[in-house]
Amino acid sequence: MELGTLLAQPGLWTRDTSWALLYFLCYILPQTAPQVLRIGGIFETVENEPVNVEELAFKFAVTSINRNRTLMPNTTLTYDIQRINLFDSFEASRRACDQLALGVAALFGPSHSSSVSAVQSICNALEVPHIQTRWKHPSVDNKDLFYINLYPDYAAISRAILDLVLYYNWKTVTVVYEDSTGLIRLQELIKAPSRYNIKIKIRQLPSGNKDAKPLLKEMKKGKEFYVIFDCSHETAAEILKQILFMGMMTEYYHYFFTTLDLFALDLELYRYSGVNMTGFRLLNIDNPHVSSIIEKWSMERLQAPPRPETGLLDGMMTTEAALMYDAVYMVAIASHRASQLTVSSLQCHRHKPWRLGPRFMNLIKEARWDGLTGHITFNKTNGLRKDFDLDIISLKEEGTEKAAGEVSKHLYKVWKKIGIWNSNSGLNMTDSNKDKSSNITDSLANRTLIVTTILEEPYVMYRKSDKPLYGNDRFEGYCLDLLKELSNILGFIYDVKLVPDGKYGAQNDKGEWNGMVKELIDHRADLAVAPLTITYVREKVIDFSKPFMTLGISILYRKPNGTNPGVFSFLNPLSPDIWMYVLLACLGVSCVLFVIARFTPYEWYNPHPCNPDSDVVENNFTLLNSFWFGVGALMQQGSELMPKALSTRIVGGIWWFFTLIIISSYTANLAAFLTVERMESPIDSADDLAKQTKIEYGAVRDGSTMTFFKKSKISTYEKMWAFMSSRQQTALVRNSDEGIQRVLTTDYALLMESTSIEYVTQRNCNLTQIGGLIDSKGYGVGTPIGSPYRDKITIAILQLQEEGKLHMMKEKWWRGNGCPEEDNKEASALGVENIGGIFIVLAAGLVLSVFVAIGEFIYKSRKNNDIEQAFCFFYGLQCKQTHPTNSTSGTTLSTDLECGKLIREERGIRKQSSVHTV
């Protein structure tokens, strides 16, 4: 019998039948019929947007759950949606009470902090779960227990930003915030200067008109290249347009946006600008399941009526939509775990809480799920999300389209995932250096770079041509060839411009820079390809590549005139001191030989060997003979005197060894002094320059050489800088050409790089390099500080170095006509001017010998005459006493004959005795 028939017949209705019907309605029917679970959503509306994206995501999630019965097979999820005006907390409270009266298991929304607080207080009083998906201002004494928040904790995001700043090693950071809540969200970064060496400048975006151009102009003037924007994605889209308008969308700027919807913005206009743009992404698009849900969302949104312009890509799911989707799923998972979940109607004015509310709240906090925003778990104490991942994404020009859908294709094409930040483990950058350098042409291909340079032979010169030349064709030189090779490797296009002031770059007393360095600092040029020296002070304001040429400071001076050796050049092989020492040694050896020969008994001999009993002995080594022995050995001629004793032979042998070394050294050195024309320079090193003031010296004004002497702490170089600074008008020159002309025309020495000296001396034989290198340094390609091109330029330079192209380019531009080398001069025939002094010495010796012979003759004659007169007088007296004079002539004659005989006998005796020396 049907139930309708039973009810239609009153006679059949009994008391037992009534109890059976009541049992069926209360117990059997609920178990067989599907259960309905109602949730409530309160969403704020704004002008021109009656339905916000969170409401759409809320409905999308409920529809998805009801279609897929695997999660809630016996339960149908329904919803009640209430719309309120923005900032209307009273209306939010009233609508929340209306929904609680209907019997909802959980309340979602609203978004604004004041409205959230009002709804949260009601849910906390009636013990109904409140689900939040927006950033919430932290409360010091937060006692709310009946809520969860899927939005990442503000403190965790602040730590993530700080970790990224430390990873990029930013020393100066500009923080631009939209409202006061931004300072709370970035408090970890704002407190960083007290713990890290980071300078932070804080600026606020103008409110109301959204015109940030004056602010951006100040940032551009202040060279603020690392900027963190804390703003909504709508404001970010507008700011990016103004950044492009201000010319700040270049590779030297790095912008970081804290909004989690940066990936959803339409950035096609900025992809090829070279700008560095980084942000966080909460959506886990690497999961294929997530990608498919995003594609379904996109298809539904594209079929819907167009929405007002927000800067987002059409159909792109935002983070707030994904969080709302995940929030609905978290409630569904908790309700699935709850058995016989009965939702009762609650009245706000009665303050009677929901009996199952605490249990259901705990089930929600214990739920775990891998949603659109990654793995979701909650802190049971405060209801905040924990252990979440933030993808670190960076804007790129092109990439691999790994996803199947159009939206996912865009995400992979425009954005590159370079790392992950986890709330527990911190930062993990996955974009390794190997990946960065695998294709070094990515960010330089087909990009036009402004190159600043300076006219300096042979690096950059005007090309000689009969036709008018334009652009880069006007120049030639080593640096132009280097630029061409770098362009071939990296694929960039370049525009060469001469530095307006014609200077390399130096810092004045006010800290201001000039020259090419200033061009790079002001970002008027991308590269400085010139003979720009890598120095410490320049490295602090610009970046350099690895050096493409190594060199040092040296002295350029006029080549001294050659001087002939001179007629007495045979004395030059030995210094005057050595000549004096040799003569003293000869005298000393002669005296020692004389003394030893007198002292030793073996140098005395009997002059009459036939008469062994003779007491007369002789010694050949008189003082004159000893000197003659020394001179003969020194002249390599020997003498008739030979030592007999061992002691005298030792003296003679040592003297012979000494003369052997001296004569050999003299002979070996004599040829160079007689055959090679000597170049005598008044200076041989920097020390010689510092010790004198007659020769003026200096360097190029505002160049690295001048800076070297200005900053040097070495006493010699300090003295040289004092000399140059005291004569700045004459010592310092404007450029190298002016300095070279001064070297040629005046008594001036130019301090400059050795490579430039090498080039100049190859083409002007009147100039030469004096001394060695004062220091060691290198030329590098300059870039603005933080430029992404530096590492790529360095890799290309190393490649050219390994291939030998740098050496070939140097040989090409440095090879000149060449000057004859001094060492390669052929020995010419010796003339009178070379060895004429020897003839003078010979003639002087002959003349001297003649005069000495005459002197000896006169001396001997006078000596003999005196002796004869003395003898005659003495023996005349003797004869006169022995034989008195008679008057007869016979007696006188006899007496004279006898006296003459006596005199002759006495002469013979004295002559014989004079032969023997005792």
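A Cβ is built for glycine as well, from the same backbone N, Cα and C atoms used for every other residue.
Quantities reported herein were computed from a predicted structural model and do not represent experimental measurements.
Annotated L-glutamate binding in Swiss-Prot involves P531, T533, R538, S704, T705 plus, out of the candidates E485, E753, E758, the residue E753. Candidates N561, N620 were compared with Swiss-Prot; the annotation N-linked glycosylation site appears at N561. According to Swiss-Prot, P607 and I858 sit on the same side of the membrane.
If you compare N446, N886 in Swiss-Prot, the N-linked glycosylation site annotation sits on N446. On the backbone, the CA of R538 (L-glutamate binding site) and the CA of T761 (phosphothreonine) stand 29 Å apart. Annotation for T705 (L-glutamate binding site): same-chain Cβ neighbours under 8 Å, separated by at least 6 residues, are T533, I553, A699, L751, M752, E753. Listed in chain order, the extra residues whose Cβ falls within 8 Å of the Cβ center of the L-glutamate site residues P531, T533, R538, S704, T705, E753 are Y504, L532, T535, G703, T707, K777, Y779. Annotated pair C765 (disulfide bond) and P531 (L-glutamate binding site), C-alpha to C-alpha distance, rounded: 23 Å. Under the three-state DSSP scheme, T533 (L-glutamate binding site) falls in the strand class. Cα-Cα distance from T761 (phosphothreonine) to P531 (L-glutamate binding site): 18 Å (rounded to the nearest whole number). Counting every protein chain shown, the number of other Cβ atoms lying within 10 Å of the Cβ of C765 (disulfide bond) is 13. Looking just at the topological domain 'Cytoplasmic' (856-918), the mean pLDDT is 60. For the L-glutamate site, whose annotated binding residues are P531, T533, R538, S704, T705, E753, the maximal Cα to Cα separation is 17 Å. In the structure shown, the C-beta of T533 has more C-beta neighbours within 10 angstroms than that of any other entry among the recorded positions T533, T761. In the topological domain 'Cytoplasmic' (598-653), the DSSP tally of helix, strand and coil residues is 25 helix, 4 strand, 27 coil.
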